[in-house]
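Asker: Have a look at this one.
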Amino acid sequence: MSSVTIERIETCLVDLPTIRPHKLSVATMYGQTLMLVKVYCTDGAVGIGEGTTIAGMAYGPESPEAMKLAIDAYFAPALVGKDATRIQTLMAHLGKLVKINHFAKSALETALLDAHGKRLGVAVSELLGGRRRERLPVAWTLASGDTSRDIAEAEQMIEVRRHNVFKLKIGAKELKTDIKHVAEIKRVVGEHAAVRVDVNMAWSETQAAWAIPALADAGCELVEQPVASAAALARLMRRFPVALMADEILQGPDNAFEIARVNGADVFAIKIEQSGGLFAAQRVAAIADAAGIELYGGTMLEGAFSTVASAHLFASFANLQWGTELFGPLLITEEILTKPLDYSDYQLTVPDGPGLGIELDEEKVRRFTRDGLIKVTKA
């Protein structure tokens with residue numbers, strides 16, 4: 001056993017405004033809450049992890065508040081005093097102690113990896129096998145709910161060379177209205193940008209079978225999670241000249257294997273939180289590669305810490321055919337890092353410093369911490 005142990009664990013909720021309302025088929029977001037967790041080790045290393053969700057509990061069973069409670073009440077007491085360098089052993093222990101709670105586990109695993117990378121003087125990507133790329137292509141989601149506003153937003157992104165791939169949130173309106181929305185945006189951006197859509201499970205199989213060919217005719221190249229059922233998604237496969245991507249139904253390696261077994265998607269949206277952490281997401285990607293399923297780096301609209309953790313993982317992938325959507329920090333009005341991330345030329349630069357390679361602006365975070373409360377668990 002290493003002499004380096006976990007000394008204490010702190011959690012807090014940070015409520016941050018967004019640049020505009022973000023409209024999905026399931027809900028509309030007016031801000032984002034980050035659950036931040038800090039792991040303090042006896043050698044002085046401090047790791048930071050983050051948990052977020054999309055629109056509170058509208059997307060899934062966990063919320064930032066639930067993550068914080070799970071860590072404070074169950075995970076932190078089980079980790080304090082344990083060997084901080086045996087990350088996979090610790091995560092296996094937590095997996096036996098508490099079922100599911102993938103988002104909370106991902107936040108803790110990120111913090112442990114951040115601390116270990118700082119301890120060893122290497123980037124998290126090196127702890128995951130080594131990066132294959134320094135920069136990642138990043139798509140932007142158009143989700144204002146208004147066609148003209150989305151077009152203006154897309155044109156601005158193209159002009160400043162920040163994004164040239166756009167994912168449109170649809171599914172909340174009538175099918176013909178949504179398809180007209182997609183077609184109009186693609187008509188304006190033309191060959192300057194690619195257009196994809198995310199339905200967030202809003203359609204029935206019958207609706208999807210009608211809408212997907214129309215989306216293909218409109219110039220859409222990928223449809224994300226059009227239906228809620230894995231079986232329905234599998235039945236839709238290979239019927240249309242558009243790639244179909246699994247997202248919400250991907251809840252870790254077990255789900256990934258079952259979807260791959262029935263050839264249930266063209267593309268997997270890899271998300272560290274939804275998978276249960278970076279190592280679990282790595283296994284999801286390995287299953288996809290073995291099955292010939294292509295990869296896309298997804299987001300839970302995370303802040304900087306989960307975004308960068310995801311970037312370190314995605315940078316290590318052999319295949320990343322559909323790029324990423326790691327734009328979460330750009331949706332938030334407040335910069336919580338001492339040095340902003342580098343988004344330029346349609347890509348994100350993966351930080352190369354020890355650990356995650358980023359530093360929290362403590363004063364900024366204190367201003368937005370809910371009720372000024374920070375929970376500390378120590379021996």
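Numbering starts at 1 and runs along the chain as displayed.
Positions of Cβ are set from backbone N, Cα and C atoms, glycine also.
Pulled the feature table from Swiss-Prot, pasting it below:
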type	residues	note
ACT_SITE	Lys169	active site
BINDING	Asp198, Glu224, Asp247	Mn(2+) binding site
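Tell me about the setting of these features in this model.
Answerer: Within the same chain, residues at least six positions away from Lys169 (active site) with a Cβ under 8 Å of its Cβ are His22, Lys23, Leu24, Ser25, Thr141, Leu142, Ala143, Val197, Asp198, Asn200.
For the recorded site, Asp247 (Mn(2+) binding site), the DSSP three-state label reads coil.
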Asker: By a simple count of other Cβ atoms within 10 Å, which of Asp198, Glu224, Asp247, the binding-site residues in the record, is least packed?
Answerer: Asp247
Asker: Within 8 Å of the Cβ centroid of the Mn(2+) site residues Asp198, Glu224, Asp247, which other residues of the same chain have their Cβ?
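Answerer: Other same-chain residues with Cβ inside the cutoff are Lys167, Val197, Val199, Asn200, Val223, Gln225, Met245, Glu248, Ala269, Gly298.
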